[in-house]
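J.: Provided herewith is a single structure, encoded as structure tokens, for subsequent inquiry.
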Amino acid sequence: MSNGKLNGARLEQQFANLGINDNHHQSSGKPTAGRYVPPHLRSQSVSALQSRRPHSGWHQRIESETWDNRRTSFPRADAWGGGSRSEMGYSSPQRRGWSDRASSQGDRSYRPGRYQSNNYGGRGGNFSEDGFNRRGEDGIGSWRDGVHIIATRSSFIERDLFGSPDDLDRQHTGINFEKYDDIPVEATGNNVPEGVSNFTNPPLDKHILSNIELSRYSIPTPVQKYSIPIVSSGRDLMACAQTGSGKTGGFLFPILSELFKHGPSPLPPEQPGLYRGRKAYPAGLILAPTRELASQIFDEARKFAYRSWVRPCVVYGGADIHGQMRSIERGCDLLTATPGRLVDLIERGRVSLSQTRYLVLDEADRMLDMGFEPQIRRIVEQEDMPGVNERQTLMFSATFPRDIQVLARDFLKDYVFLSVGRVGSTSENITQKVEYVEDEDKRSVLLDILHAQTKNDRGLTLIFVETKRMADLLSEFLINSGFPATSIHGDRTQRERERALDSFRTGRVPIMVATAVAARGLDIPNVTHVINYDLPTDIDDYVHRIGRTGRAGNVGISTAFFNRGNKGIVRELIELLKEANQEIPAWLETVARETSSYGGSSRGGNRSRGRGQNRDYRKFGSSSERGSYGSNNTE
DNA sequence: AAAAAAC
């Protein structure tokens with residue numbers, strides 16, 4: 001199962017296996033049984049999918065429904081005539097690419113020869129008296145003659161995107177609004193704009209306000225308070241914010257708001273190239289370090305782009321690239337991507353970054369670490385993305401080590417540094433326990449913990465291990481011990497990963513064993529317990545991992561198994577526990593004392609200064625000055 | 001040393 005090296009028959013087999021276990025298909029009774037639907041498309045309404053059924057051949061339909069987004073999921077009489085659009089006609093050579101038109105803002109309908117100048121986006125008309133479209137056909141706005149045409153509302157789409165008010169799954173009830181005022185916020189840089197305390201029309205566009213309201217967010221979280229005016233005033237941002245503090249909204253709200261205000265960029269004349277089709281020119285690009293995180297961000301983007309001219313898309317590896325290409329060539333204004341797949345699409349000539357005005361690096365410290373940095377540099381510096389002065393760049397992460405801040409400077413101009421939450425530490429919402437457990441005792445201690453909590457705890461337990469192999473072994477062990485468990489790691493297929501995450505999220509399988517792939521950014525409500533079965537070697541990873549619980553003001557528990565193998569992080573761990581007002585076991589202090597303070601590793605010197613690392617190094621950094629980049633390693 | 005991310 002975990003070694004998926006089947007070749008020829010793989011695809012068919014995958015399709016054949018599909019209808020069996022996927023509860024999405026079963027529960028919603030959609031006509032898609034037997035087909036793989038990526039997570040971000042699974043909530044499409046029945047009518048939407050049915051309406052597409054008669055249009056094209058079976059094979060085509062799999063692909064298009066897989067990656068198709070809302071925009072083309074609904075019949076559009078004006079664009080498609082009698083609704084006889086076929087995938088073949090779609091790719092016919094006589095179709096003119098939208099990007100090689102004389103007019104910069106071309107019509108995006110797909111019928112060959114159809115042309116309406118100054119029109120961008122979907123149909124905006126068809127209003128009914130109450131503003132709702134009863135047939136559930138719209139939700140796609142447009143831009144015409146400098147005016148943002150907001151599409152009619154659709155109760156179908158709204159239920160898909162926003163859930164119903166009593167839908168516990170979707171609610172953000174845990175947000176402790178009173179506590180927001182106590183959270184320290186530090187904004188440094190030149191002329192830092194004043195924070196806003198409400199979602200209001202200036203500076204936000206009215207339409208984004210309406211989508212924020214539909215999502216039931218009532219007041220800005222601390223990071224949003226500042227990111228909104230910072231982005232609206234054209235500034236760059238490096239934001240260091242506690243996990244679960246609304247970082248995604250922190251960049252989506254102001255970016256979409258600006259896009260709604262200003263409309264699409266004029267498209268450049270198409271360069272001759274191998275690929276003659278419609279190229280995607282996203283106005284905003286969001287990069288994320290894992291596929292699941294990209295998918296999660298995209299889900300949010302769909303909510304806040306609802307009824308607007310902005311079409312969000314997502315691309316990531318491990319999923320069929322052709323479907324993704326078809327999706328983005330239908331229009332792609334706000335693209336969320338993992339780096340590898342994006343580079344692939346750029347090489348294929350399917351994506352140009354020449355119109356990208358907003359660049360977001362989520363989990364930025366991860367994106368700029370040794371594994372990712374070359375790819376990021378390539379995307380940002382060696383493709384056709386506008387230079388640092390012609391775009392706005394935003395970086396977000398819960399941790400921002402000083403050396404990464406130095407690196408990040410290459411991508412930013414006169415940025416505001418924002419530090420939200422308990423600086424450099426984890427939230428007090430999380431009760432952190434550390435237990436001394438030898439490797440050979442870990443299994444039985446884990447079982448004890450799980451036995452103790454299954455009684456009345458209906459929350460989810462996330463268990464982190466260091467290796468993919470251990471993730472497999474441990475989840476198998478738990479299952480054999482009678483605990484419903486699943487696992488997620490990079491050697492599982494994308495389908496397995498998504499299914500594992502989904503069954504965990506819904507609570508069907510309340511225990512998940514995970515590698516670092518699940519450590520960052522994933523927003524899974526109701527994770528009440530994070531267990532570090534293996535502690536990471538980097539304290540920042542620990543911070544991100546335990547941040548999967550205690551989200552949005554909820555409380556959570558974290559348990560770490562510590563033994564001699566983990567003494568490398570002992571001092572940083574103690575510092576962290578102190579800052580978060582956690583109990584520190586006496587034996588842990590002993591281990592720290594026994595661990596030589598000069599212990600050979602360079603880690604103690606550069607990174608560990610506790611609170612220092614999440615503060616603006618321009619202001620708090622020790623010896624290195626702004627101008628001394630390149631020779632700053634003399635501590 | 002391991003994990004993640006493209007085929």
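Using N, Cα and C of the backbone, Cβ positions are placed for all residues, glycine too.
In TrEMBL, annotation is done automatically, which means it is predicted and not curated.
Because the structure is a prediction, the values reported are computed rather than measured.
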J.: Of A:197-225, A:371-399, A:545-573, which range does TrEMBL call motif 'Q motif'?
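T.: Per TrEMBL, the stretch marked motif 'Q motif' is A:197-225.
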J.: Based on DSSP, tally up the residues of the domain 'DEAD-box RNA helicase Q' (A:197-225) by helix, strand and coil.
T.: 13 helix, 0 strand, 16 coil
J.: Can you give the mean pLDDT for the domain 'DEAD-box RNA helicase Q' (A:197-225), rounded to a whole number?
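T.: Taking every residue of the domain 'DEAD-box RNA helicase Q' (A:197-225) together, the mean pLDDT is 93.
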